[in-house]
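Enquirer: One structure, as structure tokens, below. Some questions next.
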Amino acid sequence: MSGSGYGDRGNKDRSITRPGGGTMRVGTASGVHPLPRDDTAPFLIGERMTGGYGKGADILHDCTIGVDPGEIAVIVGPNGAGKSTAMKAVFGMLDLRGGAVRLEGEDITALSPQDRVARGMAFVPQTSNIFTSMTVEENLEMGAFLRRDDIRGTMAQVYDLFPILKDKRRQAAGELSGGQRQQVAVGRALMTQPRVLMLDEPTAGVSPIVMDELFDRIIEVARTGISILMVEQNARQALEIADKGYVLVQGSNAFTGTGADLLADDDVRRSFLGG
Amino acid sequence: MDLLNAFVALMNFVVIPASAYGAQLALGALGVTLIYAILRFSNFAHGDTMAFGTMVTILVTWALQGAGLSLGPVPTALLAMPVGIFGAAALVLLTDRAVYRFYRRQKAAPVILVIVSTGLMFIYNGVVRFIIGVDDQSFDDGARFVLSAREFREATGLQEALTLRTSQAITLITAVIVVALLFWFLNRTRTGKSMRAFADNEDLALLSGISPERVVAITWIIVAALATVAGTLYGLDKSFKPFTYFQLLLPIFASAIVGGLGSPVGAIVGGFVIAFSEVTVTYAFKKVLVYLLPDGWGPDGLVQLLGTDYKFAVSFAILVIVLLFRPTGLFRGKSG
């Protein structure tokens with residue numbers, strides 16, 4: 001926003017204006033050319049993505065991330081490696097200057113994030129990922145906003161997956177604990193009946209026990225045939241459940257392989273998993 | 001008997017007028033608070049939006065009266081109000097299209113929108129004065145009283161009389177219906193919930209497929225309806241004068257801020273807090289005290305804390321006190 005001439009500099013009067021408006025930006029796909037349909041590629045793939053935010057420097061360099069139905073793909077790497085950025089790029093929140101994103105072989109590089117939601121992609125941001133002032137049930141209803149059919153079946157599935165949410169369904173989501181909030185966030189995303197679920201550090205700020213629990217739930221979701229693409233700080237645990245692992249360093253693919261391969265790889269262990 | 005007389009006098013001069021005024025302020029403050037919650041700025045043009053909606057209502061009322069149509073004891077203005085709402089909605093939607101949308105696209109800071117709304121306030125102000133003039137307009141018709149002073153005295157034999165004007169009764173009934181409808185809409189319908197979701201977390205609302213432009217348009221329509229209803233009720237109760245509506249901005253904002261900006265319940269409570277304070281502080285309590293105190297103890301003065309000319313000072317003082325001690329308002333609004 002800086003430099004646009006419409007900034008908020010010096011304004012601290014909250015009785016006149018309310019902070020915290022939308023920050024989500026829609027990426028552009030400048031200089032990206034549609035690729036021919038390719039049916040052999042993974043279900044969802046961000047291929048050789050190059051780009052950054054706005055007119056800023058490139059953060060991603062020829063970065064490729066992909067996931068197949070029912071698989072869990074995990075993006076790990078050191079701080080500032082561009083893990084979240086890579087995922088945002090796949091979701092259309094980045095200005096791509098090279099590469100393409102394809103879903104089922106179809107080029108969706110130019111689609112806005114909302115259009116991607118309609119195509120069956122769901123995104124759980126790292127922070128502010130629930131409607132705090134609304135009840136748990138309303139959060140789930142809002143997740144299903146685009147759907148016009150009966151949502152009760154999906155809601156029952158979410159409650160089966162996260163039984164605690166059923167007990168708390170009339171409570172404001174903002175009153176829940178950190179782990180429960182993450183369950184609401186994942187539940188909200190599942191309400192769209194997505195084919196791909198993208199999670200940005202779902203275990204950030206929750207206790208180790210809750211983290212194991214969340215990972216178990218994520219595996220359960222993947223078993224229903226939904227692809228999971230996930231950024232994780234807890235690299236070791238995440239790779240243990242991953243079918244595919246992407247280790248990013250400075251916006252490029254450093255290592256790629258199955259979770260088990262990466263865990264067994266000496267280089268990866270030494271550099272990222274602490275020996 | 002004296003106790004009863006004192007009670008009736010208090011009801012007649014403080015409680016009933018303040019309730020009606022409070023309901024009008026509450027409806028106005030609801031509009032302000034909705035804009036703040038969803039568009040994230042304080043809409044200074046709200047008073048003049050009220051004036052515009054009321055003006056359309058008045059013009060249609062006159063046309064209806066000219067055509068000989070009336071609702072019997074109920075003011076004809078109620079029949080004209082839907083047209084007024086339509087007019088105000090058209091005005092704000094057009095404004096949003098032409099002005100606010102541009103700044104939304106620029107992702108302009110809310111403070112810019114505040115200044116923009118101030119500009120629009122002057123424009124609306126001018127348009128209303130240009131069309132209907134700057135003078136007092138009367139458009140009240142139908143029965144003047146639900147309960148007149150003489151009827152009450154004859155029925156009870158009391159010295160003091162309790163009167164209930166038609167406009168006051170209609171204000172209270174309409175306010176209850178409108179508020180109930182609004183809360184039902186916000187809490188029970190899909191669209192209402194999507195508005196709350198958008199107010200809560202804009203980014204996540206987008207990720208859930210909620211269209212911001214649709215939410216904004218619906219918000220403006222609701223706000224136009226609230227403003228027109230509030231303005232028309234105020235006009236029926238007092239009178240219509242463009243400048244008065246411009247001045248109403250202060251008590252309305254005071255109500256919204258006292259209750260907690262962004263909180264609908266707060267706006268309603270705030271409206272009544274401001275109205276009761278204003279009326280209580282400017283009421284001459286001599287009469288009530290004469291009834292209550294033993295003979296000869298009655299005060300010589302009027303026992304009026306502030307002259308009615310200073311009534312705006314009351315809203316302002318309450319506003320300052322609340323901002324000092326509880327900046328987010330009584331109901332923890334979204335400011336702060």
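From the backbone N, Cα and C atoms, a Cβ is placed for every residue, glycine too.
So TrEMBL lists the following for this protein:
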TRANSMEM  B:20-39  transmembrane segment
TRANSMEM  B:51-71  transmembrane segment
TRANSMEM  B:77-96  transmembrane segment
TRANSMEM  B:108-132  transmembrane segment
TRANSMEM  B:169-186  transmembrane segment
TRANSMEM  B:215-236  transmembrane segment
TRANSMEM  B:248-276  transmembrane segment
TRANSMEM  B:312-331  transmembrane segment
Enquirer: Examine the transmembrane segment (B:108-132) against the transmembrane segment (B:51-71) and state whether at least 3 Cβ pairs sit under 8 A, considering only residue pairs 6 or more apart.
Expert: yes
Enquirer: Among B:51-71, B:77-96, B:248-276, point out the range having the most Cβ pairs under 8 angstroms from the transmembrane segment (B:215-236).
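Expert: By the under-8 Å Cβ criterion, the transmembrane segment (B:215-236) pairs most with B:77-96.
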Enquirer: Do the transmembrane segment (B:169-186) and the transmembrane segment (B:51-71) come together with 3 or more C-beta pairs under 8 Å, pairs six or more apart in sequence?
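Expert: Since fewer than 3 Cβ pairs under 8 Å link them, the transmembrane segment (B:169-186) and the transmembrane segment (B:51-71) do not come into contact.
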Enquirer: Taking the transmembrane segment (B:20-39) as the reference, which of B:51-71, B:77-96, B:248-276 gives the largest number of Cβ pairs under 8 angstroms?
Expert: B:248-276
Enquirer: Before we move on, state whether the transmembrane segment (B:77-96) and the transmembrane segment (B:248-276) share at least 3 Cβ pairs under 8 Å, counting only pairs 6 or more apart in sequence.
Expert: no
